[in-house]
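The following features are taken from Swiss-Prot:
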| type | residues | note |
| --- | --- | --- |
| DOMAIN | 29-139 | domain 'Ig-like V-type 1' |
| DISULFID | Cys50-Cys122 | disulfide bond |
| CARBOHYD | Asn104 | N-linked glycosylation site |
| DISULFID | Cys165-Cys220 | disulfide bond |
| CARBOHYD | Asn189 | N-linked glycosylation site |
| CARBOHYD | Asn215 | N-linked glycosylation site |
| DOMAIN | 243-357 | domain 'Ig-like V-type 2' |
| DISULFID | Cys268-Cys340 | disulfide bond |
| CARBOHYD | Asn322 | N-linked glycosylation site |
| DOMAIN | 363-456 | domain 'Ig-like C2-type 2' |
| DISULFID | Cys383-Cys438 | disulfide bond |
| CARBOHYD | Asn407 | N-linked glycosylation site |
| CARBOHYD | Asn433 | N-linked glycosylation site |
| TRANSMEM | 467-487 | transmembrane segment |
| REGION | 498-534 | region 'Disordered' |
| MOD_RES | Ser525 | phosphoserine |
Amino acid sequence: MLRRRGSPGMGVHVGAALGALWFCLTGALEVQVPEDPVVALVGTDATLCCSFSPEPGFSLAQLNLIWQLTDTKQLVHSFAEGQDQGSAYANRTALFPDLLAQGNASLRLQRVRVADEGSFTCFVSIRDFGSAAVSLQVAAPYSKPSMTLEPNKDLRPGDTVTITCSSYQGYPEAEVFWQDGQGVPLTGNVTTSQMANEQGLFDVHSILRVVLGANGTYSCLVRNPVLQQDAHSSVTITPQRSPTGAVEVQVPEDPVVALVGTDATLRCSFSPEPGFSLAQLNLIWQLTDTKQLVHSFTEGRDQGSAYANRTALFPDLLAQGNASLRLQRVRVADEGSFTCFVSIRDFGSAAVSLQVAAPYSKPSMTLEPNKDLRPGDTVTITCSSYRGYPEAEVFWQDGQGVPLTGNVTTSQMANEQGLFDVHSVLRVVLGANGTYSCLVRNPVLQQDAHGSVTITGQPMTFPPEALWVTVGLSVCLIALLVALAFVCWRKIKQSCEEENAGAEDQDGEGEGSKTALQPLKHSDSKEDDGQEIA
């Protein structure tokens, strides 16, 4: 346990010692803080909650409590051996002394500033040691935006106006959104700047440039991302002279189709009145959705291109009512709707669509596996076509023209220019012969790119190794059969010989018995003869 000796400045040394204990002790004492950041408004007071569970018989004389900045280890407030050591943080911090004995080690931070934002660590030491960090998120609401126009008088349809939206004294940096009267977001021709003052609070200035229509409402929304608080403001601009429809602007009904890398002409025309002078003409081309300026002609002078210097008018034809725009080196990103604004005494506008396209390359066909193919093998056929736009339609068919839709997987990926590379994979089981065709179609150009492959499966044949193995096995089998036949023949022959030998033995025994019987007959006959003689 740390003990305080000497001057009150010992609190700093206690903080250093506890900082060392951070690395040495196990933190058996459980210290609890909120998981979510504490959000505090600038100028208000904030409470950084911290608590621990005191053991029975706990005394404040045993408590050492340190609050410090987590990153810099700067001391904020300390309590040691039963005494509050006070604040080292501009005298703006305080503990809750009446609640310390209950385990409440929370810190009250007064008159919060932007610079206070960050992480604070609560160190608690009794017999054991514990610590935890809590985050402070500072915020300040933004003021209601003010809207200004430049120019702000004598406005006519077709004029270009700069609208500035300003909001002050907020924190952190704001998110700014513009939209028109129909709620459509406006992202083109917007410039936003944010600058912090001495207190760290931000002033926001967002500028939108638009071409006026008959009537227009423009809204600015400034959002505080921490407070999720929105500050709104809007302005409605009504030009002094409403359009009478005298200026009829004509554009094609169908989209203009242009190939990537070529030039496209977006046609727009109007009917000039007698005595018309180019000094009276205000002509604006802009993107319909985002209102981004593309090209302008004002008071008899071409103001040039604000579209990467790729646009031009037809100056020799303007006096005849030709307000067409030439767009050079078309890109995929150019696709969309362009609005042609014409203002003389009256006003008119119309929108024309640009459809970008790029033909697909002739498909290349690859096989996997690509050799030693036999009927019945499964083969993967890949059809690849490159640098087309928009996304392609892919069709497969066999040699008889039958569509193949099963086991087909197609992927399309755009490169940095927005052009698509197409890879379509077909898995098939080979027959004796097979032709497979891949068709890649551009839906805008209605252009088809074909590729095909004919696969002839090799007939079933035995390799030389298999033939020699078969011959060897056949010879071995024949030899085995011959050997078996020979053994059987020997067995049969031996059996026959044994039977013949047995038969001869029986015949010899029969003859011997007959010979033995014959002398008996002779003796009997002699006896008979002797009897007779007697």
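Just so you know, glycine gets a Cβ as well, placed from its N, Cα and C.
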Sequence-ordered list of residues in the chain of Cys268 (disulfide bond) that lie 6 or more positions away and have a Cβ within less than 8 Å of its Cβ, or none, is Val249, Gln250, Val251, Trp285, Asn322, Ala323, Ser324, Leu325, Cys340, Val342, Ala350, Val352
Cys340 (disulfide bond): tally of other CB atoms within 10 A of its CB
27
Specify the nearest of the recorded positions Cys50, Asn189, Asn215, Cys383, Asn433 to Asn104 (N-linked glycosylation site), where nearness means the distance between Cα atoms.
Cys50
Around the Cβ of Cys122 (disulfide bond), other Cβ atoms found within 10 Å total 27
From the recorded positions Cys122, Cys165, Asn189, Asn433, pick the residue whose C-alpha lies nearest to the C-alpha of Cys383 (disulfide bond).
Asn433
Reduce the DSSP letter at Asn189 (N-linked glycosylation site) to three states and note it down.
coil
PLDDT averaged over every residue in the domain 'Ig-like V-type 1' (29-139):
91
Which three-state DSSP class does Cys50 (disulfide bond) fall into?
coil
Restricting the comparison to the recorded positions Cys50, Asn189, Asn407, Asn433, Cys438, which residue's C-alpha is spatially nearest the C-alpha of Cys165 (disulfide bond)?
Asn189
Compile a sequence-ordered list of residues in the same chain as Asn407 (N-linked glycosylation site), six or more apart from it, whose Cβ lies below 8 A from its Cβ; state 'none' when nothing qualifies.
Leu426, Arg427, Val428
Measure from the Cα of Cys50 (disulfide bond) to the Cα of every one of the recorded positions Asn215, Cys220, Asn433, Cys438, then give the nearest.
Cys220
Cα-Cα, whole number of Å: Cys220 (disulfide bond) versus Cys122 (disulfide bond)?
43
So among the glycosylation sites Asn189, Asn433, who's got the most Cβ atoms within 10 Å?
Asn189
